[in-house]
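Lifted from Swiss-Prot, the feature list:
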- 27-47: transmembrane segment (TRANSMEM)
- 73-93: transmembrane segment (TRANSMEM)
- 98-118: transmembrane segment (TRANSMEM)
- 134-154: transmembrane segment (TRANSMEM)
- 168-188: transmembrane segment (TRANSMEM)
- 199-219: transmembrane segment (TRANSMEM)
- 239-259: transmembrane segment (TRANSMEM)
- 263-283: transmembrane segment (TRANSMEM)
- 288-308: transmembrane segment (TRANSMEM)
- 337-357: transmembrane segment (TRANSMEM)
Amino acid sequence: MLYFLSELTAQVSALNVFRYLTFRTGGAVMTAMLVAFVFGPGIIEWLKRKQGEGQPIRSDGPESHLTKKGTPTMGGIMILLGVGVATLLWADLSKGYVWAVLLLTLGYGAIGFADDYLKLTKRNTKGLSGRLKLVAQVGMAVIAGLWIMLLGQGDQASSLALPFFKDLTFNLGWFYLPFAAFVMVGASNAVNLTDGLDGLAIVPVMIAAGVFMLIAYLVGNIIFSNYLQIQHVPGTGELAVFCGAIVGAAVGFLWFNAPPAMVFMGDTGSLALGGALGAVSVVTKHEIVLAIVGGLFVLETVSVIVQVASFKLTGKRVFRMAPLHHHFEKKGWAEPTVVIRFWIIAMILAIVGLSTLKLR
């Protein structure tokens, strides 16, 4: 919104600063952070009044989790508020990619909100049926994927690039649409599975959003994209503002989610943030890089798949409990130890992911 003030540069030269993507990205970071800081306490108090006993705690989980009883959930509301306000305020809203990604994020947030609401009202950990949730996620992802493809240019809209290789792309044609939907739905559920300990998911999300903030800027800049020999996608630079908003909102939320958490993001936040990362990776043509940068989310998801498959096929469990973070808790690791070590893994994977921009 503020971008359009740059059109008045002829009258007020100082307004030219709103043309600069880096300035607006920084503004989005600070705005989203301030929104979370300012409105966070009020949102938490409101959630406490509405939820009473807070998020239901799994009876078969680690015993240390029983102390979390009464902690409100749906804290993702403050994240979405921060991201939404900051994006609308600082991004160039004439770019279709901004709307496609933002609306998908809010749509996934709505699915998560419904899931959290049912968990609270039914007083169990199930929420929406898995089938209904998946259908809603896939439906929204297909719409967003089609929108993104229509905004693209020629064959590039349906191409898949491989990291570490120069100019190696595959044109998937219309098969790219189900692939893009898979990326968005998969990323959404992967972050959701990771969100099981205080601060565990939000920091890796923040790290991944920071990486894609840079990627969006580079992909949207023809000079940098040519230098790095990565695909140039016009208009994607504005997603740096969106990713900056996620970083800022995540910092603000972490203030309240740091152990011991005052609030959980719930599916409201985790489904939305995962979907956002997936959508940005699709737009910037760095879907496989997301699997590297978000490798922690992949590990958590694979641990669940392996656990379920092993139990159904052999009757035995590979892990003491899935997702993976619960396995280490069951082995005796303290919750802060698990969280911080997983943060370190996320940082290492982010560095590896960034290296794909240059190592070709």
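Any Cβ shown, glycine's included, is placed from N, Cα and C.
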### Query
Between the stretches 168-188, 199-219, 263-283, 288-308, 337-357, which wins on the count of C-beta pairs under 8 angstroms to the transmembrane segment (98-118)?
263-283
### Message
So, taking each listed stretch (73-93, 134-154, 168-188, 199-219, 337-357) in turn and counting its Cβ pairs to the transmembrane segment (263-283) that are under 8 angstroms, which one gives the highest count?
### Response
73-93
### Message
Against the transmembrane segment (239-259), which of these stretches has the most C-beta pairs under 8 Å: 27-47, 168-188, 288-308, 337-357?
### Response
27-47
### Considering the transmembrane segment (199-219), which listed stretch of 27-47, 73-93, 168-188, 288-308 counts the most C-beta pairs under 8 Å
288-308
### Task
Quickly jot the same-chain residues contacting the transmembrane segment (73-93) by Cβ under 8 Å, restricted to those at least six beyond its ends, or write none.
1-3, 24-25, 27-29, 31-33, 35-36, 39-40, 43-44, 47, 51, 54-55, 99, 102, 105-106, 109, 112-113, 116-117, 119-120, 238, 241-242, 244-246, 248-250, 252-253, 256-257, 263-270, 272-273, 276
### Summary
With the cut-off at Cβ under 8 Å and a gap of six or more residues from its ends, the chain residues touching the transmembrane segment (288-308) are 160-163, 183, 186-187, 189-191, 193-194, 204, 207-208, 211-212, 215, 274, 277-278, 281, 317-319, 322-325, 327, 342, 345-346, 349-350, 352-354, 356
